[in-house]
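K.L.:
First, the structure itself, so that you have it in front of you.
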2 protein chains.
Amino acid sequence: MTKKRPAILVVNDDGITAPGIKVLIEEMQKIGDVTVVAPEGPQSGTGHAITIGKPLRIDRIYIYPEVEMYKCSGTPVDCVKLAVNKVFKGRKPDICVSGINHGLNNSINVLYSGTMSAAVEGAIEDIPSIGFSYDDLEYDADFTRCRPYVSAITKQVLANKLQKGTLLNVNFPKGHIKGIKICRQADAKWAEEFDERTDPSNRSYYWLTGVFQLRDRGEDTDVWALHNEYASIVPVQFDMTAHHAIPELNSWDFEV
Amino acid sequence: MTKKRPAILVVNDDGITAPGIKVLIEEMQKIGDVTVVAPEGPQSGTGHAITIGKPLRIDRIYIYPEVEMYKCSGTPVDCVKLAVNKVFKGRKPDICVSGINHGLNNSINVLYSGTMSAAVEGAIEDIPSIGFSYDDLEYDADFTRCRPYVSAITKQVLANKLQKGTLLNVNFPKGHIKGIKICRQADAKWAEEFDERTDPSNRSYYWLTGVFQLRDRGEDTDVWALHNEYASIVPVQFDMTAHHAIPELNSWDFEV
């Protein structure tokens, strides 16, 4: 009796034609049966957005003919919802993998990232989920060094599962990879520097740009690991309750 | 010597003309000096999205002439970033309040909600931040019962501050409010039911819709509190690390 191959849902936020998702599809084809549902265009920075004010489209496409692929007009989170409800229809993928993102999603970027939000949505659906990101924003980024790690991490998640309510945020450094470090999310923020310009009608507009500000000297963070040439894995949860803050709030006097 | 009035940043996701933000502005004017930076149109469900592929506009408007108000072409998170960097310019608001949202943002909705993401962004900027939401989706929702609670909670946050890296998610039940409960985020998800239709060109499209599925019988959750006629306050953190999952992951063998 042959063991059933796992059903793998692949999603991303750079769009279905991005090189990063092609690499992820290729690695997943070695492990299981792949279904892709991904945005038709770039959706970087969409975070956990969903489409509620306008209708959604989803269409079968054939750019990699041997794979079942659908492009979606919505966000990465919409893709996961449509995949679960309209493509898998009651069956459930054994794993959901998102990426490989062109650019890091370490630290606070877990909140802004469509790649990670797709994986979070997978976890909300009780599907073991992983987001993969690589420290190269370029279209022709070379993902070669990531491949064996993507494969090894996916196999470990399939073998061990993940604790309920958790998923993995995996980031790869550019260049040599020394190994893997399990990390916590570094405390950091973006210091915005809006680039102000004037349009032909003499009205101002702004481009959002910024500098990553690390506020965390810990050596157990994803930022530290990546800086020291390790791939970082942060276990992520979608319970955002600050449980440690509850006792103090219970001491406050809300006079109404 | 008179005490300096606090500088209050008001934002929302229903758009700057929504009745909910008008109520919030009115309550905040009793407490401090109000600056509003809010989306020009509805941005519900945008989560923590930011605008990176296109430019942003921000314009002074005068719909409530006694208040410094700006409408922004971007998301709620963009509004907070522009407020901090272009409106306050180096000064910092003493508090950031978001809402009042037309509709609840309890439980898992903290992830999808633009209202809450704006408050999260305020907290990332080290500004004490609160998101307010009310259990009525209607445009002409009556926020009267929320007003004294909005005021009391804001005053407590100004007096006591909040622990670093935390903010408050406040939700009000419809109807009578018995009091306030400090809660954790209930475990729940949306069971999607995509409404499939056919356009005049005979192509399918979908409207995202769904049913809220509570998976949590706890009596310490926001869902429980609201169901029992209490306003719920959940302390929220933007560190999404599942710290409890780190030891197990450190036992895994990633063979590369």
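Numbering starts at 1 and runs along the chain as displayed.
Quick reminder: no glycine exception, Cβ is built from N, Cα and C everywhere.
Where the annotation comes from TrEMBL, it is an automatic prediction and has not been curated.
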K.L.:
Given that TrEMBL assigns B:D13, B:D14, B:S44 to the divalent metal cation site, pick the one from B:N85, B:N101 that the record assigns to that site as well.
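P.N.:
Given B:D13, B:D14, B:S44 bind divalent metal cation in TrEMBL, the matching entry from B:N85, B:N101 is B:N101.
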K.L.:
Which residues, same chain and not among B:D13, B:D14, B:S44, B:N101, have a CB within 8 angstroms of the centroid of the CB atoms at the recorded divalent metal cation site?
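P.N.:
Along the chain, the qualifying residues are B:N12, B:G15, B:A18, B:G20, B:P42, B:Q43, B:P76, B:G99, B:H102, B:G103, B:S113, B:G114, B:T115.
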K.L.:
Can you tell which of B:D13, B:D14 has the least company, meaning the fewest other C-beta atoms within 10 angstroms of its C-beta, among these binding-site residues?
P.N.:
B:D14
K.L.:
Taking Cβ atoms only, which of the binding-site residues B:D13, B:D14, B:S44, B:N101 fall under 8 Å from chain A?
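P.N.:
In terms of proximity to chain A, the binding-site residues that count are B:S44, given in sequence order.
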K.L.:
Can you give me the average pLDDT across the domain 'Survival protein SurE-like phosphatase/nucleotidase' (B:8-191), rounded to a whole number?
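P.N.:
Averaged over the domain 'Survival protein SurE-like phosphatase/nucleotidase' (B:8-191), the predicted model reaches a pLDDT of 96.
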K.L.:
Among all chains shown, work out which of the binding-site residues B:S44, B:N101 has the most CB atoms within 10 A of its CB.
P.N.:
B:N101
